[in-house]
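Going by TrEMBL, these are the annotated features:
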type: DOMAIN; residues: 83-127; note: domain 'Homeobox'
type: DOMAIN; residues: 130-331; note: domain 'TLC'
type: REGION; residues: 337-384; note: region 'Disordered'
type: TRANSMEM; residues: 38-55; note: transmembrane segment
type: TRANSMEM; residues: 179-198; note: transmembrane segment
type: TRANSMEM; residues: 205-224; note: transmembrane segment
type: TRANSMEM; residues: 260-282; note: transmembrane segment
type: TRANSMEM; residues: 302-323; note: transmembrane segment
């Protein structure tokens with residue numbers, strides 16, 4: 001174990017040439033980031049989950065009810081033991097051959113069986129109330145941490161001149177404000193890692209899992225080798241659009257469509273400006289070029305920049321989806337279901353006709369028309 005630890009903490013990987021871990025030990029004159037500081041994030045992440053539960057129950061839920069957002073879920077499918085067995089044990093999306101077999105077995109028409117499976121699938125979708133509470137928590141935390149980051153950074157020299165991120169590196173003392181900012185962000189991302197398995201499942205689960213994983217690794221990595229100054233720029237920049245997205249989603253759940261549209265446009269503008277403009281031209285410029293000039297490259301420098309490029313790749317992916325939604329809204333006046341989202345409405349694909357009723361009756365669900373319920377008015381179908 002000692003050999004493994006010595007290999008892992010190899011100074012030639014983590015630190016610039018002629019710098020050792022002994023040089024970065026805390027003294028009475030200066031405090032530097034220590035790897036063991038990051039253990040604090042785990043109990044704080046657990047506390048954050050508890051705070052979230054309390055917040056959603058006693059703050060977000062009353063707000064949702066005041067906005068007439070009901071906890072009612074989608075229409076319950078008619079109890080049927082045979083269909084339930086097929087749904088739970090075989091498939092949630094039966095093919096045509098299986099539908100015909102079930103139709104003969106139950107003496108139901110195929111459309112009624114399809115409707116039953118749609119309703120049964122929708123039973124597993126979260127209610128609008130749950131969606132609102134989740135978004136309100138993320139909005140509140142996102143607004144707080146972004147506000148804190150701006151207030152902290154405006155007092156620092158590296159916000160106004162990024163070359164200060166590298167002057168006297170790595171002998172840059174750790175201030176209490178910077179330490180708090182880093183541990184708070186790391187705790188939040190760990191809480192998301194834990195909660196994403198119980199939160200509302202969306203189509204981009206894999207991408208978001210990768211994003212959380214890279215973010216945790218990037219925060220941890222930059223803290224250990226004391227790249228925390230530029231790390232604070234990355235964190236604050238990426239927090240800038242999150243609260244706007246969650247606010248747009250809350251407005252959508254509350255059926256404030258005009259406010260939702262406005263917030264979504266603001267979110268899209270901030271997101272694309274910060275992620276595709278400021279981040280590469282400002283942050284990546286200093287991590288790739290100014291740091292090379294002032295400090296010079298070393299192994300962990302390459303890893304750090306590789307992680308930032310992965311983050312930028314995710315930024316480009318999400319920016320493409322946002323532009324795609326905006327183009328559809330402009331060209332058609334309505335938006336099909338966002339590629340990043342799960343179905344926005346908890347009643348999506350619901351059909352109120354009981355089995356055996358007229359199979360040719362038109363279907364209308366939640367203000368949408370057609371058979372799939374995917375067409376939504378306005379750009380706020382986006383559900384992160």
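Placed from the backbone N, Cα and C atoms, the Cβ positions cover glycine too.
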Helix-strand-coil residue split for the domain 'Homeobox' (83-127), DSSP-based: 32 helix, 0 strand, 13 coil
For the transmembrane segment (179-198), distant same-chain residues with Cβ under 8 A (at least six beyond the ends): 33, 37-38, 40-42, 44-49, 52, 141, 145, 148-149, 152, 205, 208-209, 212-213, 215-216, 219-220, 223, 228, 231-232, 235
Same-chain residues near the transmembrane segment (38-55), Cβ under 8 Å, at least 6 residues beyond its ends: 136-137, 140, 183-184, 186-188, 190-191, 194-195, 220, 223-224
Mean predicted confidence [pLDDT] for the domain 'TLC' (130-331): 93
